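Data block below; observations after.
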Amino acid sequence: MPAGHHAAATPRIGGKLTVALFIVTLFAFVVESEFTQYVQTDLGYRQPFLIFYVVHSSFAFIFPLHLLYLRATTKYSTKSLIDGLSIAVSDHLSPLACPPSSAGFPRFRFVSFVIALTIGITLPGLLWFAAISLASVSDVTAIWNTNAFFAYIISVQVFHLKWESRRLLAVVLATLGVLVVVYGGSMSTPEETGSEVLQDFKRPTAPLIGDLLTLAASLIYALYQVMYKKYAALPSDPELVSERIYEPLPEADDLDIESSSDADIKDPDSACPPPFGFHPNFLTTAIGICTFLLLWIPIPVLDYFQIEIFAFPDSWRTVLAIGTIAMSGVVFNAGFMILLAAWGPIMTSVGGLLTIALVFISDVMFGAGIRAVTMGSVVGSTMIIAAFGVLAYDMAKH
């Protein structure tokens, strides 16, 4: 493997904006988790798929909000921003297209691409929902969070990286930290943890099937992160200028190619390459629209088979809480997609495990208090933080 390629495959910490976004993303996930638990336990509104649908459909608001922000803070007009994004997406989807023609934006390839992204981010979530009713919460949580380990293995194979002992140690340490947090807490009695919800859980009905479904979800999610970095991230993203992990999408047959009229003639007034985060947020919004248009279909099916009986929220408090889940979910997923493009799947997935430590701290401060503190939660959270520190140090060195 050429040395240049290996260097390019090494993600970088990036500027202050990226680090700030990472911090905001972590706290958004904590808010989303805490309010999701609040809605389904304290308020008794147990509609996980419906909440999932509302949150993912809310992604549709990300791009318009980002566009308004750029209009207010930059010199670019709406037309120049859209034109620059259109050029970047067209070049990305049809990098070897024929000379410009009147075919315009590659709509067919873009729609197909968005559907693939939607499936990739939705399927693991649906498998998780299926598994949570079959296996124990501890098993599902622990197995799901092994996606950081799988992301590293897949990244090494896909990007032809060398096995690095420091990174492997960090990923394994983070994964073990999750196991310590999950099983260290699950071995405590409900009185020790201060959790009354655990007393209401029924025994798992099919733990082996649930564990296998969660394992499949974790693998698919890890693969999604790697493929997003490989195929969805633009080579011209401001945080990726020095990297070349990106690979254009494979060319389709001649009948499937729609050339872009702007692909080879770049307007000097257009915002190309797009501003930081603009392209990932555009894709995230497209996923939200696709979710809104397609994923309402399972709702009546789940209701018909009484898997999840549909019910509207019965109070404004529940509506506001779900709205908070949606808003925090929008912030988290927008930040996650940007970080995935900038940092890659290894750093992002391990960094995501820091949310376990933050949720633990949040439970201590706003939930069960000192009763939430167990040896497992303290040791496991410390292991996760240490693992992220090792990866951050490794990235900073490069």
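In case you wondered, yes, glycine gets a Cβ from its N, Cα and C as well.
A quick note: this is a predicted structure, and the numbers were derived from the prediction, not measured.
Residues or ranges marked as transmembrane segment by TrEMBL: 49-70 (among others). With a cut-off of 8 Å between Cβ atoms, the residues of this chain six or more beyond the transmembrane segment (49-70) that come close are 32, 36, 39, 76, 78, 81, 121-122, 125, 129, 275, 277-278, 281-282, 284-289, 291-292, 295-296, 298-299, 302, 308, 310, 322, 325-327, 329-330, 333-334.
The annotation transmembrane segment is assigned in TrEMBL to 110-130 (among others).
Annotated transmembrane segment per TrEMBL: 142-161 (among others), in sequence order.
According to TrEMBL, the transmembrane segment annotation covers 168-186 (among others).
The feature transmembrane segment is assigned by TrEMBL to 206-224 (among others). Using a Cβ-Cβ cut-off under 8 Å and counting only residues 6 or more beyond its ends in the same chain, the transmembrane segment (206-224) has close neighbours at 120-121, 123-125, 127-128, 130-136, 139-140, 143-151, 154, 345, 349.
The transmembrane segment annotation in TrEMBL covers 282-299 (among others).
Marked as transmembrane segment by TrEMBL: 319-343 (among others).
TrEMBL lists 350-370 (among others) with the feature transmembrane segment.
Look at TrEMBL and you will find 376-396 (among others) tagged as transmembrane segment.
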Best-contacting stretch, by C-beta pairs under 8 Å, relative to the transmembrane segment (110-130) and drawn from 142-161, 282-299, 319-343, 350-370, 376-396: 282-299
Which of 142-161, 319-343, 376-396 contacts the transmembrane segment (168-186) most, counting Cβ pairs under 8 Å: 376-396
Selection from 282-299, 319-343, 350-370, 376-396, the stretch that has most Cβ pairs under 8 A to the transmembrane segment (142-161): 350-370
